[in-house]
């Protein structure tokens, strides 16, 4: 009986934390959707660039609703000893776990296909908007500076772009000695070709593989928590009168 009470208490506390996290995500999502201007003032140009591609507000609202509902079900089910709430909590968490595993398998098996698909989408966008659309250009500059990469595939992605047409040169990130913006020479086609700076997609894959232990540890930790929560919910379900 003491073991049951202890596990029940831990289940309530754990899901209360999840519930509060969901409420926070939901609140931020509503804030961004209703008053995006003040959000941009606080978080600066990078948030504006991100919102160019993904509606952050709606994404946070959706994520917040799921996490909020999950935390509520787990907390309510454990507190009131409701079998219906506990089994619903279990199946929602199971679906999330299966989706995560499926996404990981797809990412591992279809990396080449994903690269080809993204190339068809991203490269034309670079050629069309880099150098003319401020937010789009800022996103790529931030990405290339952070990952120390050039374009999606390589420097050729910027050929015929507004930036190239205006400057007759490639972004400084495409030449190694220009990454810190300290070099006086422009990044010409010959120089970019000689430097062979890696494309951002391959660089991202390289960084993930280099930090595979950390990435795997985080993924395993999240998966472990989800499995533990499912086991505990089933334990409570089976031991309720």
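Cβ coordinates are placed from backbone N, Cα and C, and glycine is handled just like the others.
Residues near residue 141 (N-linked glycosylation site) in space but far in sequence (CB under 8 A, at least 6 apart, same chain), listed by position: 171, 173. Residues annotated as N-linked glycosylation site in Swiss-Prot, with experimental evidence given as evidence: 141 (among others).
Under the three-state DSSP scheme, residue 154 (N-linked glycosylation site) falls in the coil class. As annotated by Swiss-Prot, N-linked glycosylation site applies to 154 (among others).
Residues annotated as N-linked glycosylation site in Swiss-Prot: 178 (among others).
Taken from Swiss-Prot, the feature N-linked glycosylation site covers 184 (among others), and the record attributes it to experimental evidence.
Over the topological domain 'Cytoplasmic' (1-11), the average per-residue pLDDT in this prediction is 83. The topological domain 'Cytoplasmic' annotation in Swiss-Prot covers 1-11 (among others).
The annotation topological domain 'Extracellular' is assigned in Swiss-Prot to 33-52 (among others).
For 74-88 (among others), the entry in Swiss-Prot reads topological domain 'Cytoplasmic', with the evidence type sequence analysis. Nonlocal intrachain contacts for the topological domain 'Cytoplasmic' (74-88), taken as residues 6+ away from its ends with a CB within less than 8 angstroms of a stretch CB, comprise 8, 11-12, 14-16, 18-19, 229, 233-234, 236-237, 240.
What Swiss-Prot lists as topological domain 'Extracellular' is 110-211 (among others).
Per Swiss-Prot, topological domain 'Cytoplasmic' is recorded for 233-241 (among others), and the stated evidence type is sequence analysis.
The feature transmembrane segment is assigned by Swiss-Prot to 12-32 (among others).
Residues annotated as transmembrane segment in Swiss-Prot, with sequence analysis given as evidence: 53-73 (among others).
The annotation transmembrane segment is assigned in Swiss-Prot to 89-109 (among others).
Per Swiss-Prot, transmembrane segment is recorded for 212-232 (among others), and the stated evidence type is sequence analysis. Proximity of distant same-chain residues to the transmembrane segment (212-232), defined by a Cβ-Cβ separation under 8 Å and at least 6 residues beyond the stretch ends, is recorded for 7, 10-11, 14-15, 74, 89-90, 93-94, 96-97, 100-101, 104.
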Cβ atoms near residue 154 (N-linked glycosylation site) (within 10 Å, other residues, all chains):
20
